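In case it helps, Swiss-Prot gives these features for our protein:
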type     : residues              : note
BINDING  : R88, G126, T127, R128 : phosphate binding site
COMPBIAS : 251-261               : compositional bias 'Basic and acidic residues'
REGION   : 242-261               : region 'Disordered'
Amino acid sequence: MTTREDGRADDELRTVKITRGFTSHPAGSVLVEFGNTRVMCTASVEEGVPRWRKGSGLGWLTAEYAMLPAATHTRSGRESVKGKVGGRTQEISRLIGRSLRACIDLAAIGENTIALDCDVLQADGGTRTAAVTGAYVALVDAVTYLRAADLLSDPQPISCGIAAVSVGVVDGRVRLDLPYEEDSRAEVDMNVVATDTGTLVEIQGTGEGATFPRSTLDKLLDSALAGCEQLFEIQRQALAEPYPGVLPEPKNPEPKKKFGA
C-alpha cells in the first residue's frame, strides 16, 4: 500500500490523543489531538435555557467553534475584534451542536443548558472532526457532573457515542484523516460524523477538483466508518479513567435517616 508524506497508510489515522481535565473550571474539559491538530473542547453547565425553550421542561445543548489567531501558519485576526463571525465559523459551530444533540436526551437534563466551546489551538487539517470527537468526551464528563449534582431525571441520558473523521480522495486514492497538506489539494473532501451504533449523523462531502462515482462514495464512507470505530475505542479508553475533577454535592440531598428509625 502506498504510504503518504507523513508515512501513514491510506486507511490509517494520525496519532490521536484525548486528555481529560485539561482545564479546571468547566464540567468537562478536553484537549484532543489528531496529529498536529490540537483542539480544546469544554462543556459548561448553565442554569436555564434560551427564551424560546422556556417552559418546555427540556434542556438545550449549544456549541461554539473558534480558532486562535496563531493556530495557522499565517496569523488571522480574532473575529470578536472584527465584530463579525465568519460563515465557516458559524457552519462548524452548528455542525458540532447538531452532532452532539444527536446523542443526548435533552429532557433528562431539565431546563439547563450545556454549552460546548471548541477552540483550535493549532490547525493541521480536520479541526471540525477533531472538535466533534473531543466535544463528545467533554459532554460525557458534563453529564457525570450533572448526575453528581442530582440534576438528571434519567441517570443515563447519553444514548450513543459520537465521533467524526475526515476522508478524501488525494492523488487518486481514498485516504483517511487528511492533514492540511492533503486537504488543501484533495480531489474529493468529506467529513463524516457517526455513532457507535453504526448509524450516521452527518456527511459533508464535495468534489473539489473532480466529480466522483457512487463507488468512490461507498469507499469513502467505508474508510470513514472504520476510522470512527478506532476513535470510539480511543474515547472509551479515555473515559475509563475516573472523573478528572471535583464533583459537586447534590443540591437537594435526601435527609439521612436516624439510627434505628
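Here the Cβ of each residue, glycine as well, is placed from N, Cα and C on the backbone.
Just tell me what is around each of these and how deep it sits.
Classification of R88 (phosphate binding site) by DSSP places it within a helix.
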With an 8 Å cut-off on Cβ-Cβ distance and a minimum sequence separation of at least 6, pull the same-chain contacts of G126 (phosphate binding site), or say none.
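Non-local contacts for G126 (phosphate binding site): F34, T37, V165, S166, D177, L178, P179, D183.
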Cβ atoms within 10 Å, counted per site: which of R88, R128 has the most, among these binding-site residues?
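Result for the most crowded candidate: R128.
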